[in-house]
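I have placed the structure first, in the form of structure tokens, so that the comments after it can refer back to it.
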Amino acid sequence: MSSRSHAAEIALALGALLIAMVSYQCGASLAKHLFPQVGAQGATAYRLGLSALILLLWRRPWRRADRRGDRRVLWGYGLSMGAMNLVFYMALRTIPLGIAVALEFIGPLALAVFGSRRLIDFVWIALVVAGLALLLPLRGQVQTLDPAGVTYALAAGVGWALYIVLGARTGAVYGADAVTLGTSIGALLAIPFGIVHAGSALLSPALLPYALGVALLSSALPYSLEMVSLTRLPARTFSTLLSLEPAVAALAGATLLGERLSALQWLAIAAIIVASTGAALSVRRPAHAESPSPLAELAREVR
């Protein structure tokens with residue numbers, strides 16, 4: 001691959017990932033309007049169920065049913081997506097969005113550390129850790145955080161890490177249909193929880209516009225765009241770039257919700273942006289083969 005084409009691939013992956021992050025935060029703000037009516041479980045059912053329906057009608061993956069691949073990886077990808085969404089929304093019931101996203105990012109951060117081999121990778125990761133530490137309210141407020149909410153957010157981080165590893169393997173086999181199939185499997189996990197918790201409230205016509213907005217902005221669009229990035233970037237780099245997520249959440253809160261950020265928090269956002277930019281710029285061209293990393297070995301074991 002030439003230097004120019006490699007740069008174009010990286011630019012496409014970065015652009016898709018950034019748009020996905022912005023879309024996700026807009027969807028999260030809409031989801032909050034659903035919590036009082038259907039709870040976190042109902043909002044998750046809306047999000048994945050309607051998203052799966054939209055993607056199935058658009059992609060119609062049954063026309064390409066001859067694709068052969070390990071179904072265990074596909075189901076693992078879909079179930080990790082469903083569980084990640086469910087426990088993340090459960091966390092949002094009791095802890096702020098920015099803190100939940102920062103705690104959830106521990107999963108991708110651990111994945112980035114696990115897959116790193118070069119010193120420069122650890123420089124970017126250290127910057128991310130410093131930025132997250134400044135974003136989190138380390139005095140007073142952390143001590144009052146709901147333990148259940150923190151646990152749910154950390155569990156979402158585990159699901160996020162699995163989503164990255166299994167998503168890359170699934171995308172390599174199923175292409176763009178991976179998101180459709182994975183979202184449908186995730187919906188099978190989430191919908192029963194929504195029905196048990198919210199019941200007939202899920203059928204309210206008044207909630208449908210919010211539900212469709214959440215499905216499009218939080219799942220259908222960002223997951224499709226993330227698959228563009230997952231199939232073009234090393235999982236280590238993808239995980240590091242996801243550090244922009246807490247920064248995007250903080251910026252969204254400042255611009256859309258009027259939340260005020262301190263000078264230290266702006267410094268944290270700057271550190272995270274620098275780390276993500278550095279990680280993107282230091283992506284090696286695929287022509288320079290590297291020795292298998294522990295992350296690659298893990299991916300092979302999942303086959």
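Heads up, the Cβ atoms here are built off N, Cα and C, so glycines get one too.
The stretch that TrEMBL tags with transmembrane segment, taken from the ranges 6-24, 44-62, is 44-62. Broken down with DSSP, the domain 'EamA' (149-276) shows 113 helix, 0 strand, 15 coil. Residues 31, 35, 40-41, 43-44, 47-48, 100, 103-104, 149-150, 152-153, 155-156, 159-160, 162-163, 166-167, 169-170, 173-174, 178, 181-190, 193, 219, 223, 302 of the same chain sit 6 or more residues outside the transmembrane segment (74-91) yet have a Cβ under 8 Å from a Cβ within it.
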